[in-house]
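Encoded as structure tokens, the structure appears first; notes follow it.
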Amino acid sequence: MIKLGIVMDPIANINIKKDSSFAMLLEAQRRGYELHYMEMADLYLINGEARARTRTLSVEQNYDKWYEFTGEQDLPLADLDVILMRKDPPFDTEFIYATYILERAEEKGTLIVNKPQSLRDCNEKLFTAWFSDLTPETLVTRNKAQLKAFWEKHSDIILKPLDGMGGASIFRVKEGDPNLGVIAETLTEHGTRYCMAQNYLPAIKDGDKRVLVVDGEPVPYCLARIPQGGETRGNLAAGGRGEPRPLTESDWKIARQIGPTLKEKGLIFVGLDIIGDRLTEINVTSPTCIREIEAEFPVSITGMLMDAIEARLQQQ
């Protein structure tokens, strides 16, 4: 029997209608896996050994009672076959410390989804630089004068921090906007932090598409997140409306071009953000949108994921 651990935010507070981690647990349970639940505070290192307090649990699609803890133990993480790292951003130093603990278990043979080193290496905004032929024009800088020159060249740009999620602190600066200076100062904290500028993509009106990639294989359907009421952000957390759709030809092309790199880096479950035919982000920490897509189309994304995990475990 496969022992699957999950590190996540408190399960008591999730919305099971749209929580991807919960969907993964349901599928793992359906396959007869033993489920071990952990929060960040449960992980620890003792003399170089990664351990955790884990709680075995059962889950069910029930809005009143969706989980039950069935036992508690303290064990070496190496006792688990696979661990899903599903802690939501912020990607801060605490998150990084947790990846080091998980890496100690990985060295003992536990499969970590996603690979701890790659979680550290692949910033969700900056990792797109390795695929610059697929992205909008992109500038990463702390320098206000460079941001101003980029804005003057494109006259309509998006500015964002490198560590935001859910659309937080994303600004659109149009031609003639008097606020560029203060936005640049705010995002760079007066030239002490990097931020990202990209040319505005009018295709955002048709949605910011979340394309999921499972061990290098694109899921054939995506979730387009469509901005509402004059917003420029499609993020569901910013009030965007989700619309599941089949992938377009350009979606396939982008996902297939990036897929082999993701697989090679041990990034087994990844969410690409695509606007029109341009790649804007590569989400590796805790991608979501499984439930919205599965509700609309005949696809089991969690099934694809567990198949990929089982295939990797057999190769070990």
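Placed from the backbone N, Cα and C atoms, the Cβ positions cover glycine too.
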With Swiss-Prot open, pick whichever of Arg142, Arg210, Arg256, Arg312 is annotated N-beta-linked (GlcNAc) arginine. Arg256
Can you grab the distance from Asn283 (Mg(2+) binding site) over to Arg256 (N-beta-linked (GlcNAc) arginine)? Cα atoms, rounded to a whole Å. 16
Output, ordered by sequence, the same-chain residues six or more apart from Arg256 (N-beta-linked (GlcNAc) arginine) with a CB under 8 Å from its CB, or 'none'. Pro218
